[in-house]
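If you check TrEMBL, you get these features:
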{"type": "ACT_SITE", "residues": "Lys195", "note": "active site, proton acceptor"}
{"type": "MOD_RES", "residues": "Lys195", "note": "N6-(pyridoxal phosphate)lysine"}
Amino acid sequence: MLTNELRVFLSPPNMSGNEQKYINEAFDQNWIAPLGPNVDAFEEDLSSYCNVRSTAALSSGTAALHLAMILLGVNSGDEVMVSTFTFSATVNPIVYQGAMPVFIDSETTTWNMDPELLREALMHRKKNGNLNKVKAIVVVHLYGMPAKMAEIMEISEEFGIPVIEDAAEALGSTYSNKPLGSFGKMSILSFNGNKIITTSGGGALLANDDELIRKARFLATQARDNAPHYQHSHIGYNYRMSNVLAGIGRGQLEVIDERVKQKREVYSYYYQQLCGIDGIEFLEEPDGRFFSNRWLTTMIIDSKKIRVNREIIQEKLEKVNIETRPLWKPMHLQPIFKHYPKYLNSVSEKLFDVGLCLPSGSDLSDDTLERILGHLKEILIK
Ligand SMILES: *Cc1c(COP(=O)(O)O)cnc(C)c1O
């Protein structure tokens, strides 16, 4: 196979080299368990990087969201306001608890939860006497772009409903110079294989409340009471991160700032090369408060101006072994979620129709970027 035919992936893992050192330590000390020195150190490193008091390293971002729901007491009959424009993992834990997701559409500048629509939804729930059922607002920072946090936190305070940040895609992003993940009552991160840093699979729950995180660790290790025998007064979960994988996380977190820089350079390259084409748009940072880690570069295609649509672009790039992907399909359009209440403005549906994620690996070489751009220009301009 020719080098220029090698597959280009959307966002492959990118190891720093130090991961192996921490894994070897775990092996040398025989700490092959879902706790140990790498877990402790990774938690401390995450707390300090995200500027929060406390972190629990867990088996996935989904597990972190599930524990957040449990810790807030979300139960059957309750409601949770949640971004509709996201990945299903944001919503599933609400349903695990028997609660009802209420979907909130996006605004056009960040593509994240529209604060005006959120307020409208809460006013409407209030009018119908349902406000006391609303236990949380789960706001997602999609593709690394911060949501409008000033407005959302204001609404959270006004209505007395806690915010959970789904920062699975947004480690390294900031809003008003504060790390994402430090705004909510609790926040979650994911270290799945495609995220900006990875432990192959993993996640974390963050909070400025030591007691909440202590409880999260307790529930995540089968909720064992303090007794000489196995005794349980709560339903427990097996959600802890293994000490081996936390070693990968430590090595990855050492290079997070470099990864953000690389991802932002990939975005700038596409932007500079393609923004002049009439009919192509990018997700720009609305103003100086918004700093995105640019986890994935996303592009909006106006097929009236370009004369090819998203599907054709995706197909043509696939033929030359370049992976792209449509934007997330909104949750209110998913067969499993479509019967839940929703507050819509058509923004997420339009984005889903015309948006494409471009290869955004932090290890993309200049040659590979040029190869992708060459194909893109040929498709878009011809
Ligand atoms: C990846 C992701 C998750 C889930 O994280 P896992 O670690 O895969 O469970 C949740 N929300 C969003 C927005 C994600 O992209």
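Every residue, even glycine, has its Cβ placed from backbone N, Cα and C.
Those TrEMBL annotations? Automatic predictions, nothing curated.
Remember, predicted model here, so these are calculated numbers, not experimental data.
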Chain-internal residues near Lys195 (active site, proton acceptor), provided their CB is under 8 angstroms and they sit 6+ positions away: Ser11, Ala168, Glu169, Leu171, Trp295
Lys195 (active site, proton acceptor) - helix vs strand vs coil (DSSP): coil
